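**Student:** Below is the structure I would like to discuss, written out as structure tokens.
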Amino acid sequence: MEFSNWTTTQEFIFSAFPCSWGRSVICFIPLLFIYTFIIAGNLVIITVVQRNVHLHTPMYFFISALSFLEIWYTTATIPKMLSSLLSERRSITLNGCVLQMYFFHSTGISEVCLLTAMAFDRYLAICSPLHYPTIMTPRLCAQLTLGCCVCGFLTPLPEIAWISTLPFCGSNHLEHIFCDFLPVLRLACTDTHTIIMIQVVDIVHAAEIITAVMLIFMSYVGIVAVILRIRSAEGRRKAFSTCVSHLTVFLLFFGSVALMYLRFSATYSLFWDTAIALAFAVLSPFFNPIIYSLRNKEIKAAIKKHMGLMNILIHKSRNLT
């Protein structure tokens, strides 16, 4: 099919946001709070881990790396959502849309890889405690994190490069709250080749998700097998408590991601598409700082310590003035 005579779209208009100003404001306020909390919460975790020597362990190194990625993962989409809610013309340029897709998916895939590395870390810590310090060295932690980021930023490049070459004609109304592969591909000037490529994109996403899930699942099978062999109930509880936060984040994130990207030919209504997208793009990052701080005694203690020091400094400064 020839595309040369068709007028191509240079911008998309998000059509999944509320139409009325009142509803837009109602959505804007909680979303702004959530985004502020995500940024502040993850910055607190990064700062606390960096400033406390006793937290300089592989587990906390990976948690701080995950927090760093979460900041950029949410920044790829939420600021544009906020501006769209308060704007009359909720548009994004074609280049801006392609960049948003790239950074959203590259940071998301990096997180998937990092969660897999964290499962491997927990497996070694529980199943090979004697060899753990010599295997999981700071150098290996840095290499694994760098490898996760390289994998994350390289994996979506072929899809992004292909989508950027497609002609977009006809309607430019994007039925989503941010740019994502399938909603954008639906607006392409569809031919047989494009339909086949959409199926290829589905298969690539499925392979990425299933591979990560299987690796994490195998890690936890080994972990559970070792925990069940521990004789004391207190020992079993302590061993499992080191995995609870990671397992909760894994289930929360992968559950919503699987609903979105493992559906293949299944289609959802615009409401459910939006709800699922909000689950893994907004709610999952919102709960992560809560899970890693409230369920982690060491991070909670470190935060309280720093808050106590800040209060002392504030009182001293007041007394001096």
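Heads up, the Cβ atoms here are built off N, Cα and C, so glycines get one too.
Positions annotated as domain 'G-protein coupled receptors family 1 profile' by TrEMBL: 41-292. Here TrEMBL flags 20-48, 60-82, 102-120, 140-157, 209-228, 240-262, 274-294 as transmembrane segment.
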**Student:** Do at least three CB pairs under 8 A connect the transmembrane segment (60-82) and the transmembrane segment (209-228), leaving out pairs fewer than 6 apart in sequence?
**Tutor:** no
**Student:** Return yes if the transmembrane segment (274-294) and the transmembrane segment (140-157) have at least 3 CB pairs under 8 Å (sequence gap of 6 or more), otherwise no.
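**Tutor:** Answer no, regions not in contact.
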**Student:** Ranking 20-48, 102-120, 140-157 by the number of C-beta pairs under 8 Å to the transmembrane segment (240-262), which range is first?
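**Tutor:** Looking at each of 20-48, 102-120, 140-157 in turn, the most contacts to the transmembrane segment (240-262) are made by 102-120.
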**Student:** Using Cβ atoms and a strict cutoff of less than 8 Å, what residues sit near the transmembrane segment (140-157) while being 6 or more residues removed from its termini?
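**Tutor:** Sequence-distant neighbours of the transmembrane segment (140-157): 58, 61-62, 65, 69, 101-102, 105-114, 116-117, 120-121, 208.
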**Student:** Would you mind listing the long-range same-chain contacts of the transmembrane segment (102-120), meaning Cβ under 8 Å and 6+ residues beyond its ends?
**Tutor:** 59, 62-63, 65-66, 69-70, 72-73, 76-77, 144-145, 147-149, 151-153, 155-157, 159-160, 178-181, 208-209, 212, 215-216, 219-220, 246, 249-250, 253-254, 257, 281
